[in-house]
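Single-structure report; data block below.
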Amino acid sequence: MGFLRRQLREQFEKKKPEALQADIRMISGCQDVQTSADVSNVSSFQLPDPAGNAGGACTSTLLNVLYKDHQTPEDTMSFVELLNKMRENLEAKGFSQVPQLTASHPIDVNDDFDLVPPAATGTRRALLIGINYVGHEQGVLRGCHNDVKNMVEYIKAVHGFEDENITILMDDGEHTAPTHANMIAAYKKIVALSKADDALFCHFSGHGAKIRDDDRGEEDDGYDETLVPIDYHENGMIRDDDLYDILIKPLVQGVHLVCLMDCCHSGTVLDLPYVYKADGNFTEMEIDENFDFKKLLGKFGIDDFDKFGGEALGKINGDALGKVGKDALGKLNKFFG
């Protein structure tokens, strides 16, 4: 990691907004620019008693890696090893998507991975959403219900989640329908119930999309990343800004949230600042070169961005840092004070 990036990370950690003090980690099936596959036959992933023949490539390969690791409890598996094994499994089956980890804190990716962090000694709660878009003329998926069923079996058998603390939304006619309103309500509920030391797990398997940025004008590429509810035609999609406001911002310090997003364009759907990609170019978590500090600060009512050195704090990418050099660091120090 370059000197300026390291300085930026140190300063950001000192003055990070209170809303990012919770321990938040997200595994996504692909980067923002990529799509995530729906697999018609998951038998090659060798899951124990899979709930069906179809499934999402990300969920299926993650479970494959985790079950194998669980069979040898004497061995440990780091974040790096997890993501690399996922990437290798996906490549072996012909998928080009690159799994990545984003987080609210700069995790040491050589530390042991656990879906429930050891520090999470409180209640274990889970919210799982699987949408096959049953009845739609286009975009019907086959594997999302199976993803949820398989993941529920895993978190119960391996991590001790109890049925009373597991919420499932699926468009199968049996569970609560994953409408826009129901998804928002479910995310709000799991946050409202959470207390320090609790472990939260949120899983989404369905369509993700990129749509034109709303009037906040925050996205560098002009697009928001979204989750696609069953009723998106009538009630719209759930934007990354919405997810941040209802799922990330309200979490209290001491809560441990792990999210699995098995959908297209999911790399930054939670707008978290730190990233590690299993593409061979990362050795540690870095501040995402596409992370927008202006967007983050805007969520906390800091509108006079230029006053605090916006040139250096907009999109922190290599070219920008190279152009402003030492002046950038001065502006960063002035901003974080």
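Just so it is clear, glycine is given a Cβ too, placed from its N, Cα and C backbone atoms.
For C259, the disulfide partner recorded in Swiss-Prot among C202, C263, C264 is C202. Among D224, D231, D262, D279, the residue that Swiss-Prot places alongside D240, D241, D271 at the Ca(2+) binding site is D224. In this structure the C-alpha atoms belonging to C264 (active site) and D240 (Ca(2+) binding site) are separated by 13 Å. Take the Cα of C259 (disulfide bond) and measure to each of the recorded positions H207, D224, D240, D241: the nearest one is D240. In the three-state DSSP assignment, the secondary structure recorded for D240 (Ca(2+) binding site) is helix.
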